[in-house]
Amino acid sequence: MINKIYGKIVDKKESSIIILAFPFEFEILVSSFCKMELRLLEDVEILTYFHFRDDDVKLFGFLNISEREVFEDLIGVDGIGPKAALKILSGIKYDAFRLAIAKEDINLISKVKGIGNKIAGKIFLKLRGKLVKGDESSSYMLKFKELEQSIVNMGFDRKLVVVAFREIMLSDKFLILKEAEQEQFLFTETLKRLSV
């Protein structure tokens with residue numbers, strides 16, 4: 001199995017990237033969120049999932065272990081193959097997906113293009129016990145702990161800040177942002193809500 005590839009991104013296609021790991025070039029299928037985080041000619045480390053069947057050999061790539069784990073959990077659901085799992089992770093970020101499972105928000109999952117209520121229900125039933133090891137929303141919120149403290153230091157109640165964070169993080173606007181843009185958006189939207 002190919003676990004990880006180090007190399008330079010030499011091309012970005014609609015649903016994949018090309019990495020030069022001298023002397024080889026690898027085409028790696030990635031989610032739209034993963035692709036947005038990567039830049040041409042950037043040296044990267046991509047975690048991979050090697051998919052091999054008699055008539056199909058593909059490499060799927062991920063920025064971190066958590067994204068790959070969610071992908072592997074998804075392909076463990078009956079009727080969801082690697083391409084469908086990647087499509088799901090292109091419609092909802094892996095951390096937001098985990099949060100939706102933890103919060104039993106089937107509607108958020110069913111909003112992903114090509115995923116209806118039936119498949120969303122199947123995913124939820126299969127993964128709710130597997131992905132929810134404690135409070136996933138808490139681990140998701142750790143990314144923004146400093147921001148939370150900054151807003152509390154401005155005189156706002158911590159409980160209200162946490163409630164606002166959770167609501168904003170599940171919004172469509174937040175979920176389509178690049179990771180680098182999420183903190184600023186979360187800060188601005190939280191202040192708008194709390195200042196009313």
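Keep in mind that glycine also has a Cβ here, set from the backbone N, Cα and C atoms.
Owing to the predicted nature of the structure, the values given are computational and were not obtained by experimental measurement.
Annotation comment: Swiss-Prot describes 1-63 as region 'Domain I'. Taking H, G and I as helix, E and B as strand and the rest as coil, DSSP gives the region 'Domain I' (1-63) the counts 6 helix, 39 strand, 18 coil.
Annotation comment: Swiss-Prot describes 64-142 as region 'Domain II', evidence class sequence analysis. Residue counts for the region 'Domain II' (64-142) under DSSP (helix as H, G, I; strand as E, B; rest coil) come to 57 helix, 0 strand, 22 coil.
What Swiss-Prot records for 143-196 is region 'Domain III', and it gives sequence analysis as the kind of evidence.
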